[in-house]
Amino acid sequence: MRNIGVDNPYYARQWHLHTGFEHVEVDVRSSLRCDEAWSRLAGVGDPRVVVAAADSGCNLAHPAFGGKDKFAGWGYFDGGELRTMGMPVSSAARMYLPGAHHGTSMCALTSGAVGRSHPLGVAPGCRLLPIRLQTEANRARVSEYAMHRILDYVSERADVLLLPWSKLPHFILSKSVVDRVEELTSSGGRRGSGLVIVCAAGNSNCPIDIDADVAVPYEVVFAGDAQAEPLIKTSRTFRNVLASLPGVLHVSSISSLAQRCHYSCYGPGIDLCAPSSNSRAFRGDALSGLGLTTSTGDPEKPTNRFKGTSGAAALVAGVAALVLSANPSLSASEVCRILQSTASKDLSHTGYDVPPPTSPDAAWDHPPVRRCRRGSFNETGWSPWFGNGKVDALRAVTAAQTWQTMG
């Protein structure tokens, strides 16, 4: 598999997939080592393994996916109802809305196909099942009913479900949805041995599941005038009902310098981290670190600046697919255990300078709350910044291949 990126001008720059890109802003500790995992697998993923992604849809005709066979299914919400592949009232053309690039990038980061004209994904050989959510003001709108419909549709079709969005400060779902999630992670999924669910932690530099002793900013809203004072929303309580559920992984992000991304959410509930851009979510001085190189909804406009914990979560979903490609007999809980137990803890614990009170960013640009102030790993191997560490595709695939003899 050493020649997989030959003649591909994008692959060389995909520092998150391999350690061959030499750059002053790249620390090899940030790489997932996918190239070595592919060599170990003697392949780039099993097409029977399916990753579902509920986001802004996907350009199904994009050359990054190599044709319609890449998709095990698809669906989009129309008037509150989920229209899926094969329905008389559904249309593949409605899976992508011009300008809504995020969902296509999620799918490309996870499983972009091998080729010369586009960036690769983590698991190029695996298949996809994208779902286009309804949006409002450029944000995903997911009702209780929609969550049930998503879970029902992917329950027997996918092995991994990517939820690359979050809701802060309170992500609360009904008991019926939580019960359904627990059922699917235990005995759902295409193989009937559990659905792995991967969630983005969030990009607001705040905790996801904690009671803080101070008011913590979690959202900055700017008026139309760039010089106007921003509206800063704060909370002392943060709740995520999916945090700590077995089979559900929450992913924070690290930069190409193996350092916590400035914007990444943190604290109890974080399970793993993966690389992404270190570009600030809000305005402020630029920080060191490269972006992720991937496709967008426009085939003529790939990007090397993709950012956010959504990008990190998409990469973890791809590694989960490689793990299942290595050993399809694994349950969802075993996949999660492998990803966490093989994650790398060799990361930078360097934080960020606090801006002076005179800075226009001082009100929201702050260090993590006191109990999460440092990124050190504790005696159980967990860090409030990195969870159990950075996902390592090579180590995870190797462990999956030997899991039966291990234990």
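Each Cβ is built from the backbone N, Cα and C atoms, and glycine gets one as well.
As recorded in TrEMBL:
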- 49-348: domain 'Peptidase S8/S53' (DOMAIN)
- D55: active site, charge relay system (ACT_SITE)
- H102: active site, charge relay system (ACT_SITE)
- S310: active site, charge relay system (ACT_SITE)
Residue pair D55 (active site, charge relay system), H102 (active site, charge relay system) - Cα distance, angstrom, rounded: 7
D55 (active site, charge relay system): secondary structure state under DSSP, collapsed to three categories: strand
S310 (active site, charge relay system): tally of other CB atoms within 10 A of its CB: 29
Nonlocal neighbours by CB distance (under 8 Å) for H102 (active site, charge relay system), same chain, sequence gap 6 or more: D55, S56, P164, S310
Stretch-averaged pLDDT - the domain 'Peptidase S8/S53' (49-348): 93
Cβ neighbour count (within 10 Å, all chains shown) around D55 (active site, charge relay system): 25
